[in-house]
Amino acid sequence: MSQVTNTTQEGIYFILTDIPGFEASHIWISIPVCCLYTISIMGNTTILTVIRTEPSVHQRMYLFLSMLALTDLGLTLTTLPTVMQLLWFNVRRISSEACFAQFFFLHGFSFMESSVLLAMSVDCYVAICCPLHYASILTNEVIGRTGLAIICCCVLAVLPSLFLLKRLPFCHSHLLSRSYCLHQDMIRLVCADIRLNSWYGFALALLIIIVDPLLIVISYTLILKNILGTATWAERLRALNNCLSHILAVLVLYIPMVGVSMTHRFAKHASPLVHVIMANIYLLAPPVMNPIIYSVKNKQIQWGMLNFLSLKNMHSR
């Protein structure tokens, strides 16, 4: 009974879970994990630097790419502290305030990533279907307002779930099933009525997993319809190639996201290792893969990187 009393006080803590069955191999596991985090940080930082410094990529479409890189960087830095301190120092305890803060930024950046990809699909649609009006429709002011609206909407979407969760008592085991704090993981430790929290979380998940992808599919359906009406196959392939990077980024985000949701909903009794691996793929795949996708598929980003690196080498001599 004393445990219940203590866990409802302010100074509670949570216990993070490492990779089950591999506790003795933390140092070895940390090497590839650290490499992935390094790729994410360096890749997204490089893209941001190139977009900021290279005149050849000072175009409106790259403002959305810079938003995506900033979001990926935020997502990486949100999970980095708990994951690496667990693997390097076996520090599994996290205070409730730190856990709630990570919960807020983790879900906020995840929702932001989805919203930015939706905005990028609209950008592709306008560029391909209304090329003559692109500059007048997507002005710098419109893009700036879009970015501000995305931030405000994501913050306002996550805050209610944070406050709803903070008001509840935690009186079950403090053991989380992952190495960071997620809403669906924390809510199962509550010993009170969680119907409101569950319904709100379900509504948010529905919005991110169904509504955003549906709008993206609609935009690409309209793009495809427009492309099929063009004169030559060369024009069709060129238009599709311009959108290929964005399509890959969408798949990299939503396939792991759906996988995590399905695992949480329908495979609750699966091995803890499955849940940990799925969650890590979901949070690491987009920040790691997006810089690679855009640097490989986008020639202007490639040239921008080469110019940036060559200028850097000249200044260092």
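Glycine is treated like the rest: Cβ placed from N, Cα and C.
According to DSSP, C99 (disulfide bond) sits within a helical segment. The annotation disulfide bond is assigned in Swiss-Prot to C99-C191 on the grounds of sequence analysis.
The feature N-linked glycosylation site is assigned by Swiss-Prot to N6, with sequence analysis given as support.
Per Swiss-Prot, the feature topological domain 'Extracellular' maps to 1-27 (among others).
Residues annotated as topological domain 'Cytoplasmic' in Swiss-Prot, with sequence analysis given as evidence: 49-56 (among others). Same-chain neighbours of the topological domain 'Cytoplasmic' (49-56): 62-63, 65-66, 69, 300-301, 303-305, 307-308, counting only residues six or more beyond its ends whose CB sits under 8 Å from a CB of the stretch.
Beyond the topological domain 'Extracellular' (78-101), the same-chain residues lying 6 or more positions past its ends with a Cβ under 8 Å from any Cβ of the stretch are 10-18, 26-27, 29-30, 33-34, 37, 109, 162, 165-166, 170, 179-181, 186, 283-284. Sequence annotations record features per position, and here Swiss-Prot assigns topological domain 'Extracellular' to 78-101 (among others) based on sequence analysis.
According to Swiss-Prot, the feature topological domain 'Cytoplasmic' maps to 123-141 (among others). Tertiary proximity for the topological domain 'Cytoplasmic' (123-141) is limited to same-chain residues at least six positions away from its ends with a CB under 8 Å from its CB atoms, namely 60-61, 63-64, 219-220, 222-223, 226-227, 239, 242-243, 246.
According to Swiss-Prot, the feature topological domain 'Extracellular' maps to 163-198 (among others), an assignment based on sequence analysis. If you take every residue in the topological domain 'Extracellular' (163-198) and average the pLDDT, you get 87.
Marked as topological domain 'Cytoplasmic' by Swiss-Prot on the basis of sequence analysis: 220-239 (among others). Within its own chain, the topological domain 'Cytoplasmic' (220-239) is flanked in space by residues 121, 124-125, 128-129, 247, which lie at least six positions past its ends and keep a Cβ under 8 Å from the stretch.
Residues of the same chain lying 6 or more positions beyond the ends of the topological domain 'Extracellular' (261-275) and with a Cβ under 8 Å from any Cβ of it are 17, 19-21, 177-178, 184, 205, 209. Summarising the annotation, Swiss-Prot assigns topological domain 'Extracellular' to 261-275 (among others).
Positions annotated as topological domain 'Cytoplasmic' by Swiss-Prot, on the basis of sequence analysis: 297-317 (among others).
When Cβ-Cβ distances below 8 Å are used as the criterion, the transmembrane segment (28-48) is approached by residues 19, 22, 65-66, 69-70, 72-73, 76-77, 80, 83-84, 87-88, 284, 287-288, 290-292, 294-295, 301, 305, 308 of the same chain, each at least six residues removed from its ends. As annotated by Swiss-Prot, transmembrane segment applies to 28-48 (among others), with the evidence given as sequence analysis.
Outside the transmembrane segment (57-77) by six or more residues, the chain places 37, 40-41, 44-45, 47-48, 50-51, 105-106, 109-110, 112-113, 116-117, 119-120, 123, 127, 134-135, 138-140, 143, 147, 150, 249, 283, 286-287, 290-291, 294, 300-301, 304 with a CB less than 8 A from a CB of the stretch. The feature transmembrane segment is assigned by Swiss-Prot to 57-77 (among others), with sequence analysis given as support.
Here Swiss-Prot flags 102-122 (among others) as transmembrane segment.
If you look up Swiss-Prot, you'll see 142-162 (among others) marked as transmembrane segment.
Long-range neighbours of the transmembrane segment (199-219) within the same chain, counting only residues 6 or more positions beyond its ends whose Cβ lies under 8 Å from a Cβ of the stretch, are 107, 110-111, 114-115, 117-118, 121-122, 124-125, 157, 160-161, 164, 183-184, 187, 250, 254, 257-258, 261. Per Swiss-Prot, the feature transmembrane segment maps to 199-219 (among others); the stated evidence is sequence analysis.
Annotation comment: Swiss-Prot describes 240-260 (among others) as transmembrane segment, evidence class sequence analysis.
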When neighbour density is defined as the number of other C-beta atoms within 10 angstroms of a residue's C-beta, which of the disulfide-bonded residues C99, C191 has the lowest density?
C191
What parts of the chain pack near the topological domain 'Extracellular' (163-198), using Cβ distances under 8 Å and only residues at least 6 beyond its ends?
3-4, 7-8, 12-18, 78-79, 82-83, 86, 94, 96, 99-100, 102-103, 106-107, 264, 272, 275-276, 279-280, 283
Determine how many residues of the topological domain 'Extracellular' (261-275) DSSP places in helix, in strand and in coil.
10 helix, 0 strand, 5 coil
